[in-house]
Amino acid sequence: MIPKAVSHVLRNELVPVFISFNAWKCSNCRASLVPNGARRYSVLPPTTDSEEKAMLDRMLRVDHAGEYGANRIYAGQMAVLGRSQSGPLIQRMWDQEKYHLQKFDEILAENRVRPTVLLPLWNIAGFALGASSALLGKAGAMACTVAVEESISEHYNSQIRALMEADPDRYEELLQLIKQFRDDEIEHHDTGLEHDAESAPAYGLLKTVIQMGCRAAIYASKRI
Ligand SMILES: [Fe+2]
Ligand SMILES: [Fe+2]
């Protein structure tokens, strides 16, 4: 029988990494990439030219990276605060991030989009950010959540604007998905504020530094 701690690590730490790695590794075997029981997801129209394909690839790559990083941040927070009173609250947000990541894993595989090569870095950096913010206590974890979720929801808003300007009918399904995820991120942001984020030590500085990191991560993940 596998000890509980080992099965926890396998389930929460290794499986999400494996799924993302698989999406990159198997760009030619679409059928095997859809997790068992999940419905096939189709949010993108067939692309008409290489410019459109490049634009959509960049969007999906950075969205996938963001959701992957968010998952690692919540994993880090749960490693520190999982057994505290804040555990169930953080777990609820993490569960939504798992769903977001699963959707982007599916979309990347289905559309043969390569994930960013920076995933191993976001794996470590995300977990470290989550764990270190949680070491400041619940308020620190919530301050991190506010900073990150504000950056991600602003990022989604700018994508929504770009797709609306390009062709709202053509990208209707993708817009619907991004709007739904944007609303979830805003909810996470508001949850952080409702749970004492602003009383974290050096809240303003912490938020500014984390958001600078998020902007750099978004910039890099779009490109490589
Ligand atoms: Fe998310
Ligand atoms: Fe979120």
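A Cβ is built for glycine as well, from the same backbone N, Cα and C atoms used for every other residue.
Caution: TrEMBL annotation is automatic and unverified by curators.
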Note to self: If I go by TrEMBL, which of GLU173, GLU185, GLU187, GLU194 binds Fe cation 1 at the same site as GLU67, GLU97, HIS100?
What the structure shows: GLU185
Notebook entry, point to check: Taking GLU51, GLU52, GLU149 as the options, which does TrEMBL list with GLU97, GLU185, HIS188 at the Fe cation 2 site?
Noted result: GLU149
Next item on the list: Please determine which of the binding-site residues listed here (GLU67, GLU185) has the lowest count of neighbouring CB atoms within 10 Å.
Entry: GLU67
Next item on the list: Count the other Cβ atoms sitting within 10 Å of the Cβ of GLU97 (Fe cation 1 binding site), across every protein chain shown.
Entry: 25
Checklist line | Local Cβ density at HIS188 (Fe cation 2 binding site) - other Cβ atoms counted within 10 Å | finding: 25
Check: Which number gives the other C-beta atoms within 10 angstroms of the C-beta of GLU149 (Fe cation 2 binding site), all protein chains shown included?
Finding: 24
Note to self: To see if you understand the setup: which same-chain residues, six or more apart in sequence, place their Cβ under 8 Å from that of HIS100 (Fe cation 1 binding site)?
What the structure shows: GLU67, ALA70, PHE181, ASP184
